[in-house]
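Inspection log for the structure reproduced underneath, given as structure tokens.
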Amino acid sequence: MITHHPSLLRPPVLTLRAGALGWRPTSPAFLSTTVSAPPPPPLLRLRPLRAAADGASPISGDGGKRVVPPPSLQAALLGFVRSNFLPLALVGGVILGLLDPTLGCLAHKFSLSKYSTFGIFVISGLTLRTKELGAALEAWPAGLYGLASILLFTPFLAQFVMQIQFFPPEFITGLAMFCCMPTTLSSGVTLTQLVGGNSALALAMTVLSNLLGIITVPLSLAKYIGAGAGVSLPTEQLFRSMVTRLLIPLIIGKVARETSKGIADFVDRHRQGFSIASAVLLSLVPWIEVSRSRSLILSLEVKAFVVALTIGVILHLALFAFNAAILQVLSRLEQKGESVFAKKEYARAVILVASQKTLPVLIAVVDQLGGALGESGFLVIPCVAAHINQIIIDSVIVNWWRQRDQHFTNTK
């Protein structure tokens, strides 16, 4: 039987020359009979290097500090585009429609805006988590206020808008009609998703306000715009449009998410990409509308168009400020626990959705009027501008909200 010496079973010991660590024995140590071993060198521990707060790099091998070069121009531009993608896409669509309306008119011919709205709500269904539906039911007081603001308060402002003396008068009439419309079909939901609000609550207010708008819009127009105009809405056609462009795509997206875990995981991993896709689809609407109205827009005097543009901006800012102020007041009325009006995800959804007005319903109404309230093109032009402006303004506010939230998160 083969045996091994016990020393061979010991773990190997790595030895270093004393000079390797900077220690050399002195002469008396060599002359003494008993050589005492020097104390072992201290253990060397590596600490993680952290970047300096002022942007300087960690200490380099020569003991100096190297300054990290600033990001390149390309990286800075890319970051700016990512942070402001939606307003840039909307402005780009407007500029493209004014420069060359050919593609926009062709897109309108093939009803591309209908498909874009369909795609937006498919994405909404794919990104809609089930827990958000329950949260939307919990926030029913906020949703009820949003519907009241959309269908009752803002149409009430139309009678005051009609008192403005302006030429051409169709501009003011068109803006007053715009106040009587329900909320936007897609932009309010998209912006709510971008800012991290409760998209289920935004969807509920969007669907209900547009369905109830079939009843409230003709009543509001008849009362505040003109009782003798003979306003009538294509109720069946509008209802069918709401079902096919909102409910069906939303159900398709939601069913796909719930029936396939792979789809749900993929969507959750790429939520930013789906948000960008929604923004691109949304930007198609102003591009098509500006392309269609380009000849009328260019035929107007610059002063008249600027004044109408300013009135539309003031109207939207007034609605936005009013809804924000009312929600602030309501949030302080409830004493027990945290009010649903005080929760950021609910408040932002209500403010965004309740402050916007839809353009497609107005165009359908103008078509049904047959010129009873004036030139149809002049009625629509200020509303197209107001529709674009409200999306751009709200996208800027949403971007500011997101940056503020990010800054608050980083400072924690």
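Backbone N, Cα and C atoms are what each Cβ position is placed from, and that goes for glycine too.
Under the heading transmembrane segment, TrEMBL lists 75-99 (among others).
Per TrEMBL, the feature transmembrane segment maps to 111-130 (among others).
Counting residues 6+ beyond its ends, the transmembrane segment (142-165) has Cβ neighbours under 8 Å at 136, 172-173, 175-177, 179-180, 182-183, 201, 204-205, 208-209, 212-213, 216, 220, 224-225, 311, 315, 318-319, 322-323, 326-327, 330, 340-341, 346-347, 349-350, 353-354, 357 in the same chain. What TrEMBL lists as transmembrane segment is 142-165 (among others).
Look at TrEMBL and you will find 171-191 (among others) tagged as transmembrane segment.
If you look up TrEMBL, you'll see 203-225 (among others) marked as transmembrane segment.
Within the chain, the transmembrane segment (273-290) has long-range Cβ neighbours (under 8 A, six or more residues past its boundaries) at 85-86, 89-90, 92-94, 96-98, 101, 104, 107-108, 112-113, 116-117, 119-120, 123-124, 126-127, 186-187, 190, 193-194, 267, 297, 359, 384, 387-388, 391. For 273-290 (among others), the entry in TrEMBL reads transmembrane segment.
The transmembrane segment annotation in TrEMBL covers 302-326 (among others). Among residues of the same chain six or more beyond the transmembrane segment (302-326), those with a C-beta under 8 A of the stretch's C-beta atoms are 145, 149, 153-154, 157, 161, 164, 166-168, 171-172, 175, 178-179, 347, 350-351, 354-356, 381-383, 385-386, 389-390, 393-394, 397.
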Non-local residues, at least 6 beyond the ends, that sit with Cβ under 8 Å of the transmembrane segment (171-191): 86, 117, 120-121, 124, 150-151, 154-155, 157-159, 161-162, 164, 199, 202-203, 205-206, 209-210, 212-213, 216-217, 220-221, 224-225, 245-246, 275, 278-279, 281-282, 285, 304, 308, 311-312, 315, 352-354, 356-362, 365-366, 373-374, 378-383, 386-387, 390-391, 394-395, 398
Other parts of the chain folded back onto the transmembrane segment (75-99), taken as Cβ under 8 Å at six or more residues beyond its ends: 190-191, 194, 276, 279-280, 282-284, 286-291, 294, 297-298, 388, 391-392, 395-396, 398-399, 402-403
Distant-in-sequence neighbours of the transmembrane segment (111-130), which means Cβ under 8 A and at least six residues beyond its ends: 185-186, 189-190, 193, 199-200, 203, 244-246, 249-258, 263, 267, 271, 274, 277-278, 281-282, 284-285, 288, 360
